[in-house]
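Participant: Quick one: the structure is below, questions incoming.
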Amino acid sequence: MRKFLKVTLASALIGCGVIGTVSSLMVKEAKAVEIITHWVPHEVYGMPGEPDNSGKVFFSGLKAKYMGYPKDAQRSPYPGKYSKFWKTLPAYRYYIPDYMYNRDEVRPSNPIKGTFKLEQCVACHSVMTPGIVRDYNKSAHSKAEPAPTGCDTCHGNNHQKLTMPSSKACGTAECHETQYNEQGQGGIGSHASCSSFAQVECAWSIERPPGDTAGCTFCHTSPEERCSTCHQRHQFDPAVARRSEQCKTCHWGKDHRDWEAYDIGLHGTVYQVNKWDTEQFDFSKKLSDADYVGPTCQYCHMRGGHHNVQRASIVYTSMGMSMADRGAPLWKEKRDRWVSICDDCHSPRFARENLQAMDESVKDASLKYRETFKVAEDLLIDGVLDPMPKDLCPDWSGQHIWSLKIGAYHDGEAYGGTTGESGEFRMSNCTDVERLCFESVGYFQTYIYKGMAHGSWNDATYSDGSFGMDRWLVNVKQNASRARRLAALEKKVGISWQPEQFWKTGEWLDQLTGPYIVKNHPGKTIFDLCPDPGWLDTHHAPAEEVEYIERKLKELGITAGSHSAHHHESGHDPAARSMKEH
């Protein structure tokens, strides 16, 4: 809205002869200083290739082909490269309803029988769950014309076959098809792909017991699978979804501190001070009509109310942890789009130079992490890590790949794996040096990017950003110094130290996927047990995709529904056997 007013004002001034052209007011700007040094994923993490001029470089071994993920929730088990090892909890059914609630083979039992109309639902639930009814009565659904959108519209009327509405259910032609289709346009890192992301190529969702990653599962499933994650049920008030706090549920915390960066920065301060003043923030208006005194999350990332919630830039592959080639055409396109958002309130020159400052900060952080990483890598190569990867319990793949080669395609056996296999950060049961390296890039470096991107420069430097990386670099060097001195002393006096057994086995360690693979599939790795489904490489027609995956499942000896999360009153415990084999 303010951008429109700016253009209108410029046109009026031109008409009055006050200024010459729109371009002289809005386009002319100083060019940002180009940064020469570009640290790309292959340089920081050992990933293959050179700077990618397409701009489609992804971190963690994720590939652009991933975006071909076929969305078909009727397929079972949940489609993903590692779905054979994806462990579930009964509560997941509410976050992934089409897969874990709405199919007959997994639908929870219900003591109530019969079919009911809206009025009957309201009468009963006014006693059983009065809060739901109060919220529903405040909603636009309850007041829809010519007839209310009732309980039976979304949940069905057969109490033995009730459904839990998914985003697909909301996205029908009769309801919110436009919004559903807009959300579906998102690529990697978007709400439209965050659920499948956790199953296709990433290991952290299948490495541990499900209780360990419940928070990961909630935030990586519900935004893709349910509209009610952002649109508070059962009111579904758009005004609530337009407030920045609505994003806070997922977008905060150690390794993705979006909320903290926004909240403590100037933009967040303006929001917090004025958010109850309807003249400054009128959330009853659509985003396309918004005229806020400062930006909300939605104002910048859902331009004009479009449901494809956008990352402003992909130049930093995975939250600032490495940098893609800045000569890429896609980088320029993304940066221009980012500036076009900022210039609703700021001059393009101001926006570009602030973003260039962010670039410098991320570049410096990459240099700092490369130095930190090299200290740890040299300990590994020289064989003085305590313990070495071979002395730990098997990693997620059933091997002993060095944890800091995340997403890397290894150079050989020195890193514990075979050339072409990828690693995964170990956040536990690893050397202190590895854990500090993980926190340096995963917690501190990401926050430098988030802080600079959201106007929280002081926080990006002082609290959990640049100065935090300084501390961890010092700690890694100090630990490395001790390790080398101890190794030299042991060699001098002839001590052959054997690592403690607690690195290899323990009550909790034995529950991890790696030890399970070694015990139950001797000589196999997760790469042998979970070959790439064909749809990771090609865009088959849906029927072909289903046939291909079902054939692969049959070859692996997995039957459809092996991940079923039945939870009947007979006492069956789905957590006890949440996978067919595990």
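Cβ coordinates come from backbone N, Cα and C, glycine included.
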Participant: From His159, His176, grab the residue that Swiss-Prot records in the same heme c 1 site as Cys121, Cys124, His125.
Facilitator: His159
Participant: Looking at Swiss-Prot, Cys247, Cys250, His251 are annotated for heme c 6. Which of His191, His306, His307 sits in that same site?
Facilitator: His191
Participant: According to Swiss-Prot, Cys297, Cys300, His301 bind heme c 7; which of His141, His454, His521 is also listed for that site?
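Facilitator: The one candidate that Swiss-Prot places in that heme c 7 site: His454.
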Participant: Of the candidates His256, His267, which one does Swiss-Prot list alongside Cys342, Cys345, His346 as binding heme c 8?
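Facilitator: That heme c 8 site, as Swiss-Prot gives it, pairs Cys342, Cys345, His346 with His267.
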Participant: Taking the residues the record says bind heme c 4 (Cys216, Cys219, His220, Tyr462), how far apart in Å are the two Cα atoms that sit farthest from each other?
Facilitator: 30
Participant: Calculate the distance in Å between the alpha carbons (Cα) of Cys230 (heme c 5 binding site) and Cys247 (heme c 6 binding site), and round it to a whole number.
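Facilitator: Checking the Cα atoms of Cys230 (heme c 5 binding site) and Cys247 (heme c 6 binding site) gives a distance of 7 Å.
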Participant: For His141 (heme c 3 binding site), which of the listed binding-site residues (His231, His234, His301, His454) have their CA atom within 10 A of its CA?
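Facilitator: The binding-site residues passing the 10 Å Cα test are His234.
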Participant: From the centroid of the CB atoms of Cys151, Cys154, His155, His234, the recorded heme c 2 site, which same-chain residues not already listed sit within 8 A by their CB, in sequence order?
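Facilitator: My list of surrounding residues reads Cys121, Tyr136, Gly150, Asp152, Thr153, Pro165.
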Participant: Please tell me which one of the binding-site residues listed here (Cys121, Cys154, His155, His251, His301) sits closest to Tyr462 (heme c 4 binding site), measuring Cα to Cα?
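Facilitator: In terms of Cα distance, Tyr462 (heme c 4 binding site) lies closest to His251.
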Participant: State the Cα to Cα distance, in Å, between Cys342 (heme c 8 binding site) and His454 (heme c 7 binding site), rounded to an integer.
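Facilitator: His454 (heme c 7 binding site) has its Cα 11 Å from the Cα of Cys342 (heme c 8 binding site).
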